[in-house]
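Per Swiss-Prot, the features are:
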type: COMPBIAS; residues: 127-136; note: compositional bias 'Low complexity'
type: COMPBIAS; residues: 329-339; note: compositional bias 'Low complexity'
type: COMPBIAS; residues: 346-392; note: compositional bias 'Basic and acidic residues'
type: COMPBIAS; residues: 416-425; note: compositional bias 'Low complexity'
type: DISULFID; residues: Cys54-Cys194; note: disulfide bond
type: DISULFID; residues: Cys61-Cys188; note: disulfide bond
type: DISULFID; residues: Cys65-Cys183; note: disulfide bond
type: INTRAMEM; residues: 2-12; note: intramembrane segment
type: REGION; residues: 110-137; note: region 'Disordered'
type: REGION; residues: 329-433; note: region 'Disordered'
type: TOPO_DOM; residues: 13-21; note: topological domain 'Cytoplasmic'
type: TOPO_DOM; residues: 43-71; note: topological domain 'Extracellular'
type: TOPO_DOM; residues: 93-154; note: topological domain 'Cytoplasmic'
type: TOPO_DOM; residues: 176-203; note: topological domain 'Extracellular'
type: TOPO_DOM; residues: 225-433; note: topological domain 'Cytoplasmic'
type: TRANSMEM; residues: 22-42; note: transmembrane segment
type: TRANSMEM; residues: 72-92; note: transmembrane segment
type: TRANSMEM; residues: 155-175; note: transmembrane segment
type: TRANSMEM; residues: 204-224; note: transmembrane segment
Amino acid sequence: MGDWSFLGNILEEVNEHSTVIGRVWLTVLFIFRILILGTAAEFVWGDEQSDFVCNTQQPGCENVCYDEAFPISHIRLWVLQIIFVSTPSLMYVGHAVHYVRMEEKRKSREAEELGQQAGTNGGPDQGSVKKSSGSKGTKKFRLEGTLLRTYICHIIFKTLFEVGFIVGHYFLYGFRILPLYRCSRWPCPNVVDCFVSRPTEKTIFILFMLSVASVSLFLNVMELGHLGLKGIRSALKRPVEQPLGEIPEKSLHSIAVSSIQKAKGYQLLEEEKIVSHYFPLTEVGMVETSPLPAKPFNQFEEKISTGPLGDLSRGYQETLPSYAQVGAQEVEGEGPPAEEGAEPEVGEKKEEAERLTTEEQEKVAVPEGEKVETPGVDKEGEKEEPQSEKVSKQGLPAEKTPSLCPELTTDDARPLSRLSKASSRARSDDLTV
């Protein structure tokens, strides 16, 4: 058993990096092959050539007949079978150990980088904890990537070796050993009868070893099926990812989104009507349309640079609006509607209204219907028209023109306060009448 200790120590590493079925296969290999082959097979086939007897005295005939009956010893054949079947497992163990060590180095390197980034220096206690956790973590692994492919390949090679040795055993010996073997090879003079020792015991042992080989073969096939179903299940759980070039072309409709949502109990105004914005959906991988060309800078207006505040009139030319007296009929809407195309007439009316207001302010002391010369008359000395005619020209009736108090029309040198009192007395007298 000391000769098998080295192989046993190496195969123990396989047990740490295998599935459940792989561990069962290793158990069958250790107990039912190596152990039985080392303890019982040597005693059964110990006297194999010495007990092979032939009924001839011809020198060399017995050795030639034994070589024809047993080209290779059963024990040596089974040893070769164990070595060949274990070789893929040894190769897988070497790759698994290398993979685990590389993972440990990568994790330790990442931990050091994180420690340097965080600015924390790990002491000896932390390093020992990392080493202990790394040694424990070697037994925990996941069959994925290259490690999974290597594991599947080593199972396939084990299966092929098992099938090859079973077929070779059948062609060499068959599945049983007969007690009588007839030999006619040279230098035997004729057909020679040879006898095999313990044929029944050897047949039972051969059948047992073939059954163990069949169990190992079944475990290999079962493990391949288990890994295949596991891969199919994980592939079905993943979302299907299609490359960009294989996306089918579909006509996508636009999505209409209302810019203003109607509130409950309110009615939208004319300018707040719902406008639908269309956002066309584009396919992945389609060429985007080129953006609109930028407008040249010469289309923009130059801003007028203003200096101090006194120069604001140059940048902003604004005029205050002027107001004219309007009759009651026009205020109430009784006047004739203005035509749409009468824009120049409106400007002339505004100028005349301004001129009338200035004249009325100057003629406060003049009685109604009296003609007074104004500074704005022509050089030829034309007389000013009465106020009633001017008002009629502006579209106002003469009856509705405001009349002034007679006391205020006469020239009076009294101050304004006395004049206002006199006008109020006159108005009260008019009311009493």
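The count begins at 1 with the first shown residue.
Cβ coordinates are placed from backbone N, Cα and C, and glycine is handled just like the others.
When Cβ-Cβ distances below 8 Å are used as the criterion, the topological domain 'Extracellular' (43-71) is approached by residues 172-173, 181, 183, 185-189, 192-198, 201-202, 205 of the same chain, each at least six residues removed from its ends. All chains included, 22 other C-beta atoms sit within 10 angstroms of the C-beta of Cys65 (disulfide bond).
Predicted-model confidence for the topological domain 'Extracellular' (43-71) is 81, expressed as mean pLDDT. For Cys188 (disulfide bond), the same-chain residues lying six or more positions away in sequence with a CB closer than 8 A to its CB are Thr56, Gln58, Cys61, Val64, Cys65. If you look at the transmembrane segment (204-224), the same-chain residues 6 or more away from its ends with a CB under 8 A from one of its CBs are 19, 21-22, 24-25, 28-29, 32-33, 36-37, 40-41, 44, 74, 78, 81, 85, 152, 155-156, 158-159, 162-163, 165-166, 169, 173, 175-177.
Neighbour list (Cys54 (disulfide bond), Cβ cut-off 8 Å, at least 6 residues apart, same chain): Cys61, Glu62, Cys65, Cys183, Val192, Asp193, Cys194, Phe195. Residues of the same chain lying 6 or more positions beyond the ends of the topological domain 'Extracellular' (176-203) and with a Cβ under 8 Å from any Cβ of it are 44-45, 47-48, 51-56, 58-62, 64-66, 68-69, 74.
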